[in-house]
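Novice: Below is a structure I'd like to ask you about.
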Ligand SMILES: Nc1nc2c(c(=O)[nH]1)N(C=O)[C@@H](CNc1ccc(C(=O)N[C@@H](CCC(=O)O)C(=O)O)cc1)CN2
Ligand SMILES: Nc1ncnc2c1ncn2[C@@H]1O[C@H](COP(=O)(O)OP(=O)(O)OP(=O)(O)O)[C@@H](O)[C@H]1O
């Protein structure tokens with residue numbers, strides 16, 4: 001099956017969840033995440049603003065903040081095409097909608113969190129496999145973000161958030177794909193680190 005056919009199939013799997021299933025799944029994923037040893041001290045975390053059929057992050061982001069973690073959200077880079085910036089989320093955050101219809105904090109250099117400072121990055125995905133490979137929306141945004149992390153040697157834990165139905169045994173990989181360290185679903189915490 002082609003990458004595009006896989007994306008369509010798993011896009012449909014994600015979309016088939018009812019609202020009640022989505023909220024329950026988000027709560028279960030949130031509990032697994034907050035229980036990780038890595039989150040027992042305050043962390044600098046990049047999350048995402050969920051849209052459409054994605055695993056909802058609104059409650060999760062609030063709970064993370066409530067536990068003392070600093071949350072930032074992705075913003076499409078104004079001139080580096082295909083790249084993301086991460087901006088702090090707080091009660092005064094002003095919002096824009098990007099070209100994909102996704103809300104993002106208004107660009108303000110003072111709110112930018114350099115990738116090198118991020119400790120954990122929560123990644124949306126369409127499908128993931130048993131090696132931690134990820135199929136995304138096809139923009140390559142997270143591949144580019146994680147590549148920065150790979151090249152610098154700083155610690156960053158990329159964690160995918162997903163429904164159980166997004167699992168596939170084996171995804172075809174591309175040379176630029178960088179595997180996730182973990183994926184959290186309602187029923188399981190997948191840890192792909194040795
Ligand atoms: N919530 C969320 N934020 C995110 C991502 C994501 O996947 N989810 N991204 C992950 O990279 C980045 C944005 N990348 C994107 C890349 C492509 C499309 C896209 O092709 N959208 C289709 C609509 C798909 C649909 O039918 O819902 C489009 O605009 O035609 C969207 C986001 C950064 N922020
Ligand atoms: N590190 C990189 N450097 C240059 N180009 C890249 C890099 N990563 C990805 N790309 C380009 O981005 C395009 C989309 O990649 P891919 O289909 O793997 O995206 P994705 O991981 O599904 O999307 P996203 O991360 O936005 O959710 C590819 O065609 C590739 O050319």
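Think of each number as a place in line: the chain as shown, counted from 1.
In case you wondered, yes, glycine gets a Cβ from its N, Cα and C as well.
Whatever TrEMBL says is automated annotation, not expert-curated.
Per TrEMBL, substrate binding site is recorded for 54. Marked as ATP binding site by TrEMBL: 134, 135, 136, 137, 138, 139, 140, 141, 142.
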Novice: Less than 6 Å between Cβ and the nearest atom of ligand 1 is the rule; apply it to the binding-site residues 134, 136, 140.
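Specialist: Near the molecule: 136.
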Novice: Looking only at DSSP and grouping its letters into three states, which state does residue 134 (ATP binding site) belong to?
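Specialist: Where residue 134 (ATP binding site) sits, the three-state DSSP reduction gives strand.
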Novice: Got a sec? Which of these binding-site residues, 136, 140, has the most Cβ atoms within 10 Å?
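Specialist: It comes out as 136.
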Novice: Give me the CA-CA distance between residue 54 (substrate binding site) and residue 140 (ATP binding site), in Å, as a whole number.
Specialist: 17
Novice: Reduce the DSSP letter at residue 142 (ATP binding site) to three states and note it down.
Specialist: helix
Novice: Residues with Cβ closer than 8 Å to the Cβ of residue 134 (ATP binding site), same chain and 6+ apart in sequence?
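Specialist: Sequence-distant Cβ neighbours: 123, 125, 127, 128, 142, 160, 171, 177, 179, 180.
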Novice: Please list, in sequence order, every residue of the chain apart from 134, 135, 136, 137, 138, 139, 140, 141, 142 whose Cβ lies within 8 Å of the Cβ centroid of the ATP site.
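Specialist: Other same-chain residues with Cβ inside the cutoff are 125, 126, 143.
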Novice: Just how many other Cβ atoms lie inside 10 Å of the Cβ on residue 142 (ATP binding site)?
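Specialist: Neighbour count, Cβ to Cβ under the 10 Å cut-off: 23.
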